[in-house]
Amino acid sequence: MHSLSLRRLLTSVLSLCSCSSALPNQRRSNVTSHVETYYSVDGATHAEKSKALKADGYRIVSLSSYGSPDSANYAAIWVQEEGPSFEIIHDADEATYNSWLQTWKSRGYVSTQVSATGPAENAVFAGVMENINVANWFQSCELENPWAFSNTTGNVDVVVKGFRMFGTPEERRYCILGHENVGNEQTTIQYSTPSFTVNFASTFEAETTKRFWRPSRLFLSEDHIITPSFADTSVGKWSHAVDLTKAELKEKIETERAKGLYPIDIQGGGSGSSERFTVVFAERTSPKPRQWNVRGEITGFEDNKAAEEEVDSIMRRFMEKNGVRQAQFAVALEGKTIAERSYTWAEDDRAIVEPDDIFLLASVSKMFLHASIDWLVSHDMLNFSTPVYDLLGYKPADSRANDINVQHLLDHSAGYDRSMSGDPSFMFREIAQSLPTKGAKAATLRDVIEYVVAKPLDFTPGDYSAYSNYCPMLLSYVVTNITGVPYLDFLEKNILDGLNVRLYETAASKHTEDRIVQESKNTGQDPVHPQSAKLVPGPHGGDGAVKEECAGTFAMAASASSLAKFIGSHAVWGTGGRVSSNRDGSLSGARAYVESRGTIDWALTLNTREYISETEFDELRWYSLPDFLSAFPIAG
């Protein structure tokens, strides 16, 4: 890239030096921290203000450079708080900036803010580096595709801390900064590329429909394309604004300050009459800390106190490392709980989990379907050998499907292999659009069945087993068809024996007051409104499922205590009475595990499956908790 003039080069370096000072190495999280902002200022003014604010004990928390590289403008937010020493640079060409970056990196400093403006061959850079403890961090400012950033991190999971799309519409460049994701923080960032531009309005709506999610940064390009970043941390009340002029931004800051909200991110783009800003406001300038809480009792072990300390320690290590906010663990003996603990690792605006709170169960829901079939067989209302489609009056396109019986469906050997033909339980939108109504209404379970029977099987029934969500869905339809009672009503009357087990409804609006938040960062197209392009959270249809139609396979909710009690008299896997085995459940926003082990039955529920890795969860369910149960004898 071309070098800047000597005058600008000296200005950037002198400004860098004037902003250097050492502060204590411990930040404070203060709701009422004094906040200073400026925007639409040139480099000299930015340097002057930086020097004065540093002298008064302020730290920079948001930095944006924009406009022409020959006369870049700056927007910044400073907060008066203690913290580690830091360095600042601005108006630096690529060579100067990279040299500065490497110099301070070699001294243990970490990049925390980065911005750039101008065409790829003549861009100028600005940034902040702090003397903080981040084991691994990565920054690349020559990316031609933002998705290529993941190739630079060496498989280290990172949180994007800084971003700028610069260059020209014909020759984009992306500057991305990421810090190693310690604690499994959940964030998203939605990139635009020359071939795809994010619809900000619909993306913003989808992301903030996820409970407790908020915008953290609204990065802005010179041509006013917003790259939004979202987080699930808590900063109290918040608001945002986009496409603001300088005068509108000033007015907005004053209006929000009167409400007790302060700017925590300002991004600028354009120059002259095209200068525009995005801004995020919040009650707090830094996220709330998480707190550890435990509820419930352990009553049935020889040493209840020691057992309590051990299992609480196991769960705390797992939850803090993996960022899991809500969980339960329960143990039962002959249908009576001898331990029920609920765990919360969350901010103070989330509910503290109680032992009787209910969690989405994912595929653990299938054991209620198996118990229903067992009830029908034991009451001579159904046989395991009954051909299912003939019973329901269907004529499948594939004649082999006429041989599918109840046992095939229970054993996942009916001829459906989701690795070959897809999983209908997550295809409600596609199925609805294939109907004569062309997606004018959501698909029902009956629509799914009729869609499937018109397709060829993936293998001959009985040849082998392939895990299927469709098989239990079909069996739940059989239950309703035989009894004349809706499946959920049948469960309540004949299977649950008073246990609090219920349907987890699809719509996010049904869960705004839930104590348990089924957490997922993912969104997807809405299957309840198949003609809409609207995005919805993963647990609320974004995974493609309409849960009201999937009750037999993965849509039920209950507490860990209810699960442990239930498997004391019902097969946790298979069909019939209690048997030593286990069942696993995984779904967007949910993870559950139940096991009958020797004489005891135990259950684990989590409000997310987005922990660090499956290895972490496997260690918990297959080793840590079973080892605990082996090490602490049951009383009596």
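Even glycines carry a Cβ here, placed using N, Cα and C.
Among the features that Swiss-Prot reports, active site is placed at SER363. Per Swiss-Prot, the feature disulfide bond maps to CYS141-CYS175; the stated evidence is experimental evidence. The N-linked glycosylation site annotation in Swiss-Prot covers ASN30, ASN151, ASN383, ASN481, and the record cites sequence analysis as its basis. Annotation source Swiss-Prot lists region 'Disordered' at 512-540. The signal peptide annotation in Swiss-Prot covers 1-22 and rests on sequence analysis.
A simple Cβ count within 10 Å picks out one of the recorded positions SER363, ASN481 as the most packed, and that one is SER363.
Using a 10 Å Cβ-Cβ cutoff, CYS141 (disulfide bond) registers 22 neighbours. Here the candidates are the recorded positions ASN151, SER363, ASN383, ASN481, and by Cα distance the one nearest CYS175 (disulfide bond) turns out to be ASN151. Within 10 Å of the C-beta of ASN383 (N-linked glycosylation site) there are 13 other C-beta atoms, taking all protein chains into account.
In space, CYS141 is the closest of the recorded positions CYS141, SER363, ASN383, ASN481 to ASN151 (N-linked glycosylation site), judged by Cα positions. Of all the recorded positions listed here (ASN151, CYS175), it is ASN151 whose C-beta has the fewest other C-beta atoms within 10 angstroms. Mapped onto DSSP helix, strand and coil, the region 'Disordered' (512-540) counts 3 helix, 7 strand, 19 coil. CYS141 (disulfide bond) and ASN481 (N-linked glycosylation site) have their C-alpha atoms 61 Å apart, to the nearest angstrom. Annotation note: ASN383 (N-linked glycosylation site) sits in a coil segment as assigned by DSSP.
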